[in-house]
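Here's the structure we're looking at; comments come further down.
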Amino acid sequence: MTSGARPRPGSSASRAGLALRAVLACAVLGGTSLAWVADAPAATAAVEQGCGDEAPRYLDQEPPALAQLGAQEAWRFATGDGVVVAVVDSGVDDRNPHLEGAVADGRDVVTGDGTGRTDTWGHGTAVAGIIAARRVADSGVVGLAPGARVLPVRVYHAEGDDAVEQGVQPTPGRIAAGITWAAAQGATIINVSMSTDADDPALRAAVRDATARGSLVVASAGNRNTADDKADDARYPAAYPEVLSVAAVDAELRPTDASIHGEHVDVAAPGAQVLTVYPGAGDCWYATTEPAPSWSTAYASAAAALVAERFPDETPAQWAYRLEVTAARATPDARTDTTGWGVIRPDVALQFVDDGTAAGPPSPVRAPTSTSTVTASPIVVEDTVDPMAQAREGAVWWVLGGTAAVALVALAWRLVSPRRAR
């Protein structure tokens with residue numbers, strides 16, 4: 001399984017050692033990515049910008065994806081208020097001021113106890129920030145669903161050989177248990193920024209159980225750059241019919257080969273030039289060199305939270321349908337294997353009326369009519385090629401849909417700094 005480089009709370013010696021290993025890994029890979037390879041997991045992370053010793057703690061720029069997704073218009077109708085979004089990931093560090101008051105007590109599936117409000121890897125915290133970061137003074141960072149409540153479900157602590165030896169790596173059983181637990185706690189949306197090419201029975205059952213309980217599972221369609229199997233094949237849990245499967249598009253909303261393509265792709269969302277939070281405090285740029293589906297998945301989960309707030313009586317299938325049918329695409333009645341039904345537009349989804357006339361995917365509750373009066377906004381669909389795809393090889397079974405993407409070189413000073421106790 002994969003996660004990425006991370007700000008790492010814990011002992012100062014441990015933090016310093018991990019930071020040093022990260023720096024060395026960056027040097028070996030030419031400073032463009034960071035990877036640990038084990039018999040199951042591998043990770044890649046772009047060297048990030050905007051965080052570190054000499055960088056400002058907060059960045060006054062708003063995340064670019066918010067304008068692309070029509071956030072200001074969407075917030076006229078919903079902010080995610082009252083919606084619980086489970087982040088099944090590496091935990092969430094709510095000591096970042098953006099997340100104070102936004103994170104509920106969750107669970108650490110690895111240990112069987114704990115609240116999930118610890119993140120020694122960084123990926124889950126970044127995901128949580130994309131979804132529900134609150135505004136703080138001097139910062140432009142805010143989540144797409146700033147009123148939502150995050151439920152952290154920690155299903156791994158770290159990756160790599162040491163993690164496997166310690167038994168704290170992600171496994172399909174833990175992912176399945178995390179989904180099941182989150183649904184049992186009443187999570188409305190369950191974000192899974194991970195993927196595997198294996199159809200695991202426990203995972204399939206967990207998704208079905210969550211859907212039956214009224215939860216919508218949103219998952220990454222797969223990250224080619226971190227996958228051992230780079231073929232455009234189904235990835236799970238994204239390929240299960242109940243799941244909203246999300247691919248990444250680049251900063252110009254164009255398809256990217258960084259994402260796995262295939263029939264399992266439902267929609268796409270921004271996955272490049274992502275501005276969000278990192279453990280402890282501060283803002284950071286992620287995916288500055290190429291898109292990562294982890295972050296796209298988080299944006300789709302946030303969009304789903306907005307829809308769920310505005311339409312609480314609808315089903316998970318209806319929430320997913322709203323995002324699919326209103327997604328921006330070149331041809332209203334056709335999907336593609338690169339972006340599914342297109343790039344999500346939560347602002348449009350929040351105003352959509354399902355009367356059975358919309359072009360695109362079939363409504364889960366309406367019989368189709370012969371007249372199509374609703375069309376999606378067109379976008380230019382141009383495939384791009386990832387020049388690094390063949391260069392990145394790793395023994396990966398579970399793959400995080402994106403990267404934990406943390407500037408470990410710049411953050412080494414933070415990793416050895418004392419952390420305030422909860």
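Quick reminder: no glycine exception, Cβ is built from N, Cα and C everywhere.
TrEMBL has this to say about the protein:
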- 80-342: domain 'Peptidase S8/S53' (DOMAIN)
- ASP89: active site, charge relay system (ACT_SITE)
- HIS123: active site, charge relay system (ACT_SITE)
- SER294: active site, charge relay system (ACT_SITE)
- 395-416: transmembrane segment (TRANSMEM)
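All features noted in TrEMBL, drawn onto the structure.
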| residue | record | DSSP class |
| --- | --- | --- |
| ASP89 | active site, charge relay system | strand |
| HIS123 | active site, charge relay system | helix |
| SER294 | active site, charge relay system | helix |
Taking only the Cα atoms, work out how far HIS123 (active site, charge relay system) lies from ASP89 (active site, charge relay system), in Å, as a whole number.
7
Any idea what the Cα distance is from SER294 (active site, charge relay system) over to ASP89 (active site, charge relay system), rounded to a whole Å?
10
Give the number of CB atoms, excluding that of HIS123 (active site, charge relay system) itself, located within 10 Å of its CB.
34
Which of the listed active-site residues (ASP89, SER294) has the least company, meaning the fewest other Cβ atoms within 10 Å of its Cβ?
ASP89
